[in-house]
Amino acid sequence: MAGLLQALVGASEKAAHIARLCRREEPLFQLLVAEKTGADRNRRFLQDFKTLADVLIQEVIKHDLGKEFPELQGHIHGEESNEFRNGQAGETVTVRVCTTPGDTAALLLSVLEPERAAAELLAAAVHRDVTLEDAELAGVALSVPPQDLAIWIDPIDSTNEYIAGREDVAPVDGIAPAGLCSALVLIGAYDRRTGCPVLGVINEPFFRRDPLTHRWQGRYHWGVAYGETRLSSLSPPPPCPAPCLVLSRAEGAAVREALGPLCSHRLRFAAGAGYKMLCVILGLADAYVLSQGSTFAWDACAPHAILRALGGGAVALAGALRARREGDTGDPPELVYNCPVEGAVGAERWANRGGLVAYAHPQHLEAVLAAL
């Protein structure tokens, strides 16, 4: 598993590089955006978009992990369809990683025509080798068979913020309400049998700009929660007596009003489920509360694994509230990632239907459930 952890981090770094490359030239970027329709569309948004960056990153991660760990092939799942429509000719192209950079460039050119230089640049990024200079990661020794695991990928969480590309959104207590910084690469591994998340990598491609080159620099975080093993690149955040809670901007008034007194009205709002969970992981917020079923397995798997590594977790809000009403005072069951919603189709098969609470400390989970 140590080799798999390093492979996931390496895949996230390649993905972050591609995400930055696709955003670098605004005219080119506008060619790379397509609207999702039908069952693939997130019902929260009037318009839901994917980009060539989303699709390409997902296929690169699938290719690289499947090549290094053949036992994972067929068990690497992503948010996006790998079909992309050529905006000029209206043709549908199946995006994949080919055997050589030249073949991949030719395939990408069928989407990007006539931008040959851009296609070749992207193909070179797809086929480049990633070297990690991370002594702590290299020293991790773990033992779990990859054939027991499956993968969820969110190639670019908060795609709408990635498309908008806003860089001037001022943070509130360290939490950005919106903007490019909330666009993340999420890769999570879960136990195929139990659905429990065991390994997560979050990459922030747009963490900060280099003061000299003005190019974006990223950073990554990882966590492992397997059996009795708890390891992370981060330290557990300290608990706060009056918790800070982060919510979706679309959260209902009743939930806001119920939670306000709990946190002395320290309610913060942000875009992207992955980013809001990252805020909890980093100690910028103590819990993320969502009452709607508008997140999915690929949003939550990676950050959930890191939260578990740090002593926290993520539960289905509706189920946890129902258990409390019935007098069950035990630990609410955590979200799992191997059970599609019965009768649902498309993306809704993997929706977290009962909403969720992601928390860093169990006492904050209990406080949120009591308030609601």
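Cβ coordinates come from backbone N, Cα and C, glycine included.
According to TrEMBL:
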- GLU79, ASP154, ILE156, ASP157, ASP299: Mg(2+) binding site (BINDING)
Response to the item:
CB contacts under 8 angstroms to ILE156 (Mg(2+) binding site), restricted to the same chain and 6+ apart in sequence, sorted by sequence, are ALA19, THR51, ALA53, ASP54, ILE57, TYR162, ALA183, LEU184, VAL185
Worksheet entry | Listed in sequence order, residues not in GLU79, ASP154, ILE156, ASP157, ASP299 with Cβ within 8 Å of the centre of the Mg(2+) site Cβ atoms | ASP54, ILE153, PRO155, SER158, THR159, LEU184, LEU186, ALA273, GLY274, PHE296, TRP298
Practice prompt. Sort out the sequence-distant neighbours of ASP154 (Mg(2+) binding site) for me: same chain, 6+ apart, CB within less than 8 Å of its CB, listed by position.
Written response: GLY78, GLU79, LEU184, VAL185, LEU186, GLY274, TRP298, ASP299, ALA302
Worksheet item: Which one, from the binding-site residues GLU79, ASP157, ASP299, has the smallest tally of other C-beta atoms lying within 10 Å of its C-beta?
Response: GLU79
